[in-house]
Amino acid sequence: MAEESREALLKKVYYENCPGCKVEQRKELQRGLPIKMLVAVWLVVLSAALPISSLFPFLYFMIRDLQIAKREEDIGYYAGYVGASFMIGRVLTSIFWGVVADRYGRKPVIIIGIAAVVNFWMAISTRFLLGCLNGLLGPIKAYASEAFREEHQALGMSTVSVAWGIGLIIGPALGGFLAQPADKYPNIFSQNSIFGRFPYFLPCLCISVFAFGVCIASFWLPETLHKHNGNIRLQDDSFEALETASYGSFANEGKQKTEEQIPKENLFKNWPLMSAIIVYCVYSLHDMAYTEIFSLWAVSPRKLGGLSFSTENVGEVLAISGFGLFVFQITLYPFVERLLGPVMIARIGGIITIPLLSSYPFIAMLSGFSLYLMLNIASVLKNVLSITIVTGMFILQNKAVDQRQRGAANGISMTAMSLFKAIGPAAGGALFSWAQTRLDAAILPGSQMIFFILNVVEAIAVLMTFKPFLTLRHE
């Protein structure tokens, strides 16, 4: 009798015409790696990341050409304000889009977010509006946690963070290669053409075309949100089909409760969720400030402590970093995550980042091939560590809540993260400009002060990964 009761508890209930149940049944039948789903998630996230990052390499030159800054040392301030405007827009709407994703599905929010990017050629002057409409990153994280089997969830979540990271890398590379095409490629683009009159139009156009293709393809994404609404229940007796998701059958003295009958918890009182979000926000602040500072530092003149790189040079470095990040994701990350777990990954990654960033001012003293070699090695390693940390935080956040609140939880995460990332470019640009005024300081002159402050932020994030601050669910 006890075994029969246990068996009844372990049976999964499916509902007819529920898109989420259909995805679960498909997952049970698919034992191999879901390549098509990985590619779909990768493209969706990439389409969201490109418009944010593609401005970075030519933002310095665009502000200079428009003569917005009175002094060259002040360009960093204005670049930071432009970078922050997108994130401020996302702060105001991320929770809204998360709630919409929980009520109406992940897929509609994803499509709306990509459609907003299609108008990027126009939204480059209204990045705040683009941030308000681009609410897909929270739902796509929830989607990735639901669309893959348990053994592939680490790979699915790493796909989101790696695609985002590669987008933040490829975007500047794309901007660097395609900005001012009439000057760089005079045999192809005339100075009298639209690309000569509008030197920063080509990268925006390419991103819009890419986003349009992804938007159309997104209509074929399967919905993962469960919509039972009184539909006929279908029983699945397979023990192999058992998973720990919240939509399963709930038994109590022979009575079953549907998911809709179970009250939703207050997410703000869910400390495992909130602690993971706070740690994620601090890491995000660091990463966004680093992304802003790296491009400004690379293209600024040697006399101001920079590398005097062209936008093409920055594009080459970032393209190599993107390739290294992609290789790491498909080969090593799932193994590392299973071996160490998400919390230990974040700690180790943060600790290694500190001496790595401390080496950047000394790398700037090199020249020629040795400069390119060491800068590429450092850039690849820094981006791999960042994405590893962020992926670990993604996993902790999505494990801290049930499926029916995952969209709202990721909306809260995106709101908080966007606030910190709005501070990141502005603070990074201000820090960069301030550091250039103290090149002759006795203590931590120039870029040494920049990377020292970045290391302080990273150290704070590492300390926050320890108990009692960061806790896991059911601990």
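Don't overthink the numbers, they just go from 1 along the chain as shown.
Here the Cβ of each residue, glycine as well, is placed from N, Cα and C on the backbone.
In TrEMBL this protein carries:
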- 39-63: transmembrane segment (TRANSMEM)
- 75-97: transmembrane segment (TRANSMEM)
- 109-133: transmembrane segment (TRANSMEM)
- 154-178: transmembrane segment (TRANSMEM)
- 198-221: transmembrane segment (TRANSMEM)
- 273-297: transmembrane segment (TRANSMEM)
- 317-336: transmembrane segment (TRANSMEM)
- 343-363: transmembrane segment (TRANSMEM)
- 369-396: transmembrane segment (TRANSMEM)
- 408-435: transmembrane segment (TRANSMEM)
- 447-466: transmembrane segment (TRANSMEM)
Is the transmembrane segment (447-466) in contact with the transmembrane segment (369-396), using three or more Cβ pairs under 8 angstroms as the rule and ignoring pairs under 6 apart in sequence? no
Ranked by Cβ pairs within a distance under 8 Å of the transmembrane segment (273-297), the first of 317-336, 343-363, 408-435, 447-466 is 408-435
Given 198-221, 317-336, 408-435, the one sharing the most C-beta pairs under 8 Å with the transmembrane segment (447-466) is 408-435
Long-range neighbours of the transmembrane segment (343-363), counting only residues six or more past its ends (CB under 8 A): 279, 283, 290, 297, 305, 336-337, 371, 374-375, 378, 381-382, 385-386, 388-389, 391-393, 396, 446-448, 451-452, 454-455, 458-459, 461-462, 465-466, 470, 472
